[in-house]
Amino acid sequence: MSWGTELWDQFDNLEKHTQWGIDILEKYIKFVKERTEIELSYAKQLRNLSKKYQPKKNSKEEEEYKYTACKAFLSTLNEMNDYAGQHEVISENMTSQITVDLMRYVQELKQERKSNFHDGRKAQQHIETCWKQLESSKRRFERDCKEADRAQQYFEKMDADINVTKADVEKARQQAQLRHQMAEDSKAEYSSILQRFNQEQWEYYHTHIPNIFQKIQEMEERRIVRIGESMKTYAEVDRQVIPIIGKCLDGIVKAAESIDQKNDSQLVVEAYKSGFEPPGDIEFEDYTQPMKRTVSENSLSSAKEGKPELKFGGKSRGKLWPFIKKNKLMSLLTSPHQPPPPPPASASPSAVPNGPQSPKQQKEPLSHRFNEFMTSKPKIHCFRSLKRGLSLKLGATPEDFSNLPPEQRRKKLQQKVDELNKEIQKETDQRDAITKMKDVYLKNPQMGDPASLDHKLAEATQNIEKLRLETQKFEAWLAEVEGRLPARSDQARRQSGLYDGQTHQTVTNCAQDRESSPDGSYTEEQSQESELKVLATDFDDEFDDEEPLPAIGTCKALYTFEGQNEGTISVVEGEMLSVIEEDKGDGWTRIRRNEDEEGYVPTSYVEVYLDKNAKGAKTYI
């Protein structure tokens with residue numbers, strides 16, 4: 001099968017077909033180029049995705065990757081990064097092995113096609129020129145033959161006419177012979193040109209055109225083979241990275257199989273175990289006793305003296321603190337415990353049916369009892385949250401991590417000991433290096449002065465001694481936590497530097513007992529004033545996120561009141577305020593001003609409008 005013999009008359013169609021073949025090749029090149037761009041974009045997106053979910057250095061996320069599930073996820077991110085690298089390899093190989101190569105080949109193919117069809121057009125023009133010569137010779141021969149025939153007929157006519165002179169006859173005879181000679185010459189020329197044309201035409205259809213078409217056919221077949229090879233390369237480029245991609249996927253599977261739920265559960269225990277015992281049973285509190293006793297100063301004193309062993313920070317009471325609402329506790333702490341003052345003379349309390357009763361008749365408020373209990377002279381046992389409260393107040397963390405639960409404290413102390421040991425090893429190595437250098441200087445004085453290293457050597461030795469003392473201090477705390485040593489005395493704590501710069505003249509030492517506090521920490525006993533401050537601080541920490549009490553109504557100040565006691569608020573006559581807690585029977589009403597200032601005022605000084613009694617406002621006068 002040859003295009004030269006089979007398609008000898010399809011020059012134009014072959015020209016269109018070969019151009020179509022080049023267009024197909026260029027289209028395939030464009031396809032591969034877009035594929036490489038997609039691979040690059042995909043690889044970039046995979047890398048960005050992997051980077052996005054990588055743990056940030058020195059952040060809380062980095063600590064979370066101690067769990068096996070998080071480690072497996074981190075391995076997955078790393079494998080995806082390698083996976084993205086393989087797609088970059090695909091893009092690079094396709095660009096170098098297919099796109100660049102085919103683009104160069106297309107330019108060569110276009111040049112070869114142009115040369116072949118130029119030769120074909122040249123052969124066509126030559127055969128057309130020969131054909132035109134043949135047609136011209138043929139027409140001239142035909143014309144000469146007709147002229148010779150007419151001249152012969154004219155001669156015969158003149159020769160048969162008796163009236164024509166002999167000279168005219170001779171002239172006609174010579175003209176006829178001339179025409180016959182011209183016809184013979186045209187015939188010979190036409191025959192020669194015809195033979196030459198036939199020879200050219202044979203060579204054109206049997207030699208030139210077949211050769212040209214054969215070259216075009218070979219060119220087209222090479223193009224087809226080349227595009228096939230490119231497709232194989234396209235597949236091989238993908239196939240080459242499959243083993244590495246398979247390894248990446250195997251790595252992800254291996255990471256997933258390494259997840260150990262038991263180990264993660266144990267890590268959670270190690271991270272959050274406090275070391276405390278569960279709370280004991282809640283003691284029954286009999287609220288009928290205050291109702292039975294007579295309200296008087298003597299009875300109140302006897303009641304306080306009758307319960308000297310009551311421990312506000314005891315185990316049973318202390319462990320209930322996390323369940324007490326902040327607003328209720330702060331109400332107990334800040335509500336004024338003295339009876340409210342009577343209103344001005346314009347409105348006597350005795351004239352008002354709802355006015356507060358005298359101190360001897362009214363029910364003693366819980367806040368009154370609580371505040372008197374907190375300010376009474378009997379000794380209050382130590383709170384474990386004292387040191388934490390003072391540290392939070394000063395904005396510092398205790399050096400011995402006593403603000404943490406025992407188990408967490410042990411971990412922190414162990415970590416600190418390990419860090420100090422590393423620092424000691426580092427300083428020791430540095431000291432050894434300086435010592436060796438000094439020995440070299442002693443042996444070879446020209447290399448340096450040995451005395452110049454004495455200062456550095458002394459400094460290194462001093463640093464090592466400081467670090468060892470620090471390590472011993474933390475190891476002692478660690479041994480205490482682990483139960484290897486008895487609890488330290490107050491003198492030992494002062495020697496350790498925990499209470500440097502502090503005076504303890506008003507502080508009574510704790511009797512070795514450690515009480516639970518709301519935040520799970522423990523410390524020694526402090527003064528009563530510090531305890532009250534720490535108590536408020538601890539509860540502020542525990543309930544900072546608690547929503548403020550909602551307003552249950554409004555009130556209007558009937559008289560001006562100067563709030564001079566703690567927990568009270570000053571009001572001006574005629575001022576409108578929000579009520580957040582109505583009178584509990586002690587003669588005080590809790591109000592709020594401007595969403596950030598609140599306190600107690602005498603109920604007889606305000607006119608209260610509760611939301612539940614919107615139709616008829618309840619008035620306390």
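Note that Cβ sites are derived from N, Cα and C of the backbone, with glycine treated the same way.
Annotation comment: TrEMBL describes 1-264 as domain 'F-BAR'.
Among the features that TrEMBL reports, coiled coil is placed at 155-186 (among others). Regional average pLDDT for the coiled coil (155-186) in the model is 86.
Marked as region 'Disordered' by TrEMBL: 280-313 (among others).
Annotation source TrEMBL lists region 'Disordered' at 332-365 (among others).
Taken from TrEMBL, the feature compositional bias 'Pro residues' applies to 337-346.
Sequence annotations record features per position, and here TrEMBL assigns domain 'REM-1' to 403-480.
According to TrEMBL, the coiled coil annotation covers 410-437 (among others). Long-range contacts of the coiled coil (410-437) within the same chain, counting only residues at least 6 positions beyond its ends with a Cβ under 8 Å from a Cβ of the stretch, are 270, 275, 400-401, 404, 448, 453, 456-457, 460-461, 463-464, 467-468, 470-471, 474-475, 477-478, 481-482.
Feature annotation from TrEMBL assigns region 'Disordered' to 487-529 (among others).
Feature annotation from TrEMBL assigns compositional bias 'Polar residues' to 502-511.
Here TrEMBL flags 550-611 as domain 'SH3'.
Long-range neighbours of the coiled coil (155-186) within the same chain, counting only residues 6 or more positions beyond its ends whose Cβ lies under 8 Å from a Cβ of the stretch, are 137, 140-141, 143-145, 147-149.
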